[in-house]
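According to TrEMBL:
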type     : residues : note
DOMAIN   : 11-55    : domain 'Ribophorin II third'
DOMAIN   : 85-183   : domain 'Ribophorin II C-terminal'
TRANSMEM : 95-118   : transmembrane segment
TRANSMEM : 124-148  : transmembrane segment
TRANSMEM : 160-181  : transmembrane segment
TRANSMEM : 187-208  : transmembrane segment
C-alpha cells in the first residue's frame, strides 16, 4: 500500500510516490503496459471517485519474481507417473505343487480301488430322472470348480454355481425322498415278515405239542 501525503504548505493538494524498485513485488515483477487510475475514497468521504489518468504506461522490471516462477512451474508439464504394481509372490517349486495335488487326489484313488475290490452295490439306488439329474448336476459342480481353477474368476463362478445349485437341490431332494420312502417300505416289509415268522413258529410249536400229546 502506498501512502498519500499533503504537499508542503497546502493541505488541499496531495502527492503520492511509487518506488518501483521497492514496490516491484506489488506488480509481481511483470513488465508490460499498465493503466494508471486515481481512486479517491475514505470512510468520511461521501462521494468517492475514480479518475483515469493515463491509458497506457510502460513498466519494466529487471528481476522475475519467485511467485511468477512458481506460477509458471505450476502449469508446466509434470513428470510422467508410472505406476509399478507389486511383484508377484514367490511360488513354491513345481515338485511341491505336484506332491500336494497327488495327496489331495489320493483319497479319491483309494475310494475307486475299494469300489473295484468290494464291488459296486447299485441295487439300492432308484432308477429314474431324479437319480440321473442329481448326478449330472453334481458332476457340473465339480466341472465348475475345475473351470474356476483354470479360467473363471470368483464372481463368474458364483453366478454359474447359483444356476447349477437349483437343479442339484431339486433332484437331490427328490432322490433322498425316494430313498427314504423305499427304506420305510422295506422296514415295513421286514417287520411283517418277522411277525409272520414268529406266528409260524408259534403255530408249529403248538401243533407239535398237540401231536405229542
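Keep in mind that glycine also has a Cβ here, set from the backbone N, Cα and C atoms.
Predicted, not measured: the structure shown is a model, and the values here were computed from it.
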Please work out the helix, strand and coil residue numbers for the domain 'Ribophorin II C-terminal' (85-183) from the DSSP assignment.
77 helix, 0 strand, 22 coil
Across the domain 'Ribophorin II third' (11-55), what does the pLDDT come to on average, as a whole number?
77
